[in-house]
Amino acid sequence: MIKPISPLLPISYSKEVAAAKLRGAPLVALESTIITHGMPYPGNIEMARSVEAIIRQEGAVPATIAVIHGVLHIGLEPAELEALAKTTGAMKVSRADLAFAIAERRTGATTVAATMIAAARAGIKVFATGGIGGVHRGAEESFDISADLEELARTDVIVVCAGAKAILDIPKTLEVLETRGVPVVTYDSAEFPAFWSRSSGLASPLTLNSPAAIANFQTTREQLGIDGGMLIANPVPEADEIPREEMEIYIERAIDSAERDEIAGKAVTPYLLSTIFDITDGRSLKTNISLVENNARLAAEIAVALAE
Ligand code: PSU
Ligand code: MN
C-alpha cells in the first residue's frame with residue numbers, strides 16, 4: 001500500500017524526474033548511502049554518474065534519492081550529486097531516521113529501506129542498488145538485522161541487487177525474507193549470488209530469465225492484491241567477480257577487525273566495506289562498481305517492461 005505524500009512535506013524533484021513523471025516515463029530509483037558510506041571519493045561519484053547514464057541509455061530516468069538540508073530529493077542535479085559524494089558528514093538514514101533528517105534539516109543519505117519509502121511515495125516502482133542489508137553473522141547475539149528486510153516486506157518496490165554480501169549470514173537473511181513473504185528472484189541463475197561473488201552455495205528461491213517475466217510476475221502479484229516489495233538478485237558479471245573462497249578470507253579478517261574495534265549498529269556495514277576495500281587493495285571497489293552498473297541496466301529494463 002502506497003500512502004501519498006503530504007503537500008506540506010519538503011520535497012524536491014530534479015528537473016529530469018519532474019519531466020519524466022509528467023510524461024509517464026519509466027523511472028529507476030537509486031540510493032545514496034552507497035555513495036556516502038559505501039565507497040570512497042572519487043570512485044563513488046564516478047559510480048553514481050555512470051549508473052545514471054546507464055539507466056538513461058536503457059530508456060528510463062534515474063532518480064537518486066537523498067535528504068539535503070532537510071529537503072527530500074527525488075533525483076539530484078549534477079552539482080547536488082557531486083556535493084553529496086564529497087560530503088563526509090551525511091547521516092545514514094533508514095526508516096527510523098528519514099523523518100528525523102527532514103525535521104531537523106539535516107543532510108542524509110538514504111539506505112535501501114529509506115530509498116524504498118521515498119520511491120514508493122514518489123510513484124517509482126523499481127530501484128537499483130548494490131547489496132541489501134540483512135541478518136548479520138552472530139545476529140543471535142547482536143540482534144543486528146537490517147531494516148531493509150522489514151521494508152522489503154511492507155513497501156511495494158522492486159529492488160535489484162547483486163545478492164547479499166557474505167559479511168552477512170546469507171541463509172538467515174533468506175529465511176527472514178521467506179518468513180516475511182518477500183519473493184527472492186535470481187536473474188538468469190539457479191543460485192543466489194553473494195555480491196562480490198556469483199556463488200553463495202545456496203539455491204535461489206525463484207529464478208526468472210527476462211525483464212518481461214519479472215514485470216509480469218510483479219503485475220500478477222498486484223492483480224492478486226499482494227503488497228510488499230520483491231528482491232531481484234543479479235549476479236555480478238563474471239569478468240569482475242571475486243570468487244567465494246577468496247572473498248571468505250577477506251571477510252573473516254574484516255569481521256575480526258570489527259570485533260576488535262567494537263563496531264556496532266549502523267557503523268558495522270560501512271566499516272566492513274572499507275576494511276575489505278583496504279584488504280583487497282581496491283579490487284573490491286572495482287567489483288562493487290561493476291555490479292551496481294549491471295543492476296542499473298537490469299532495473300531500467302524492468303522499469304521499461306513494466307511501462308509497456
Ligand atoms: N551494500 C553496499 N554498500 C552500501 C550498503 C549496502 O555494498 O553502502 C548500504 C545500503 O544502503 C544498505 C545499508 O541499505 O548499507 C544497510 O545498512 P544496515 O545493515 O545498517 O541496515
Ligand atoms: Mn545493522
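For all residues, glycine too, the Cβ spot is worked out from N, Cα and C.
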Item to check | TrEMBL annotation, substrate site containing K92, S146, A147, D148 - matching residue among V71, V112, V126 | outcome: V112
Checklist outcome for this item: Candidates E31, K92, V112, D144, S146, D148 (recorded positions) with CB under 6 Å from ligand 1, in sequence order, are E31, V112, S146, D148
Next on the checklist: Neighbour count, 10 Å Cβ-Cβ cut-off, for V112 (substrate binding site): what number do you get?
Outcome noted: 27
Checklist entry - Which ones are near E31 (active site, proton donor): of the recorded positions K92, V112, D148, K165, which have a Cα within 10 Å? => result V112
Item to check | Separation of alpha carbons, K165 (active site, nucleophile) and D144 (Mn(2+) binding site) (Å) | outcome: 15
Checklist outcome for this item: The answer for which binding-site residues (K92, V112, D144) have a CB under 6 A from ligand 2 is D144
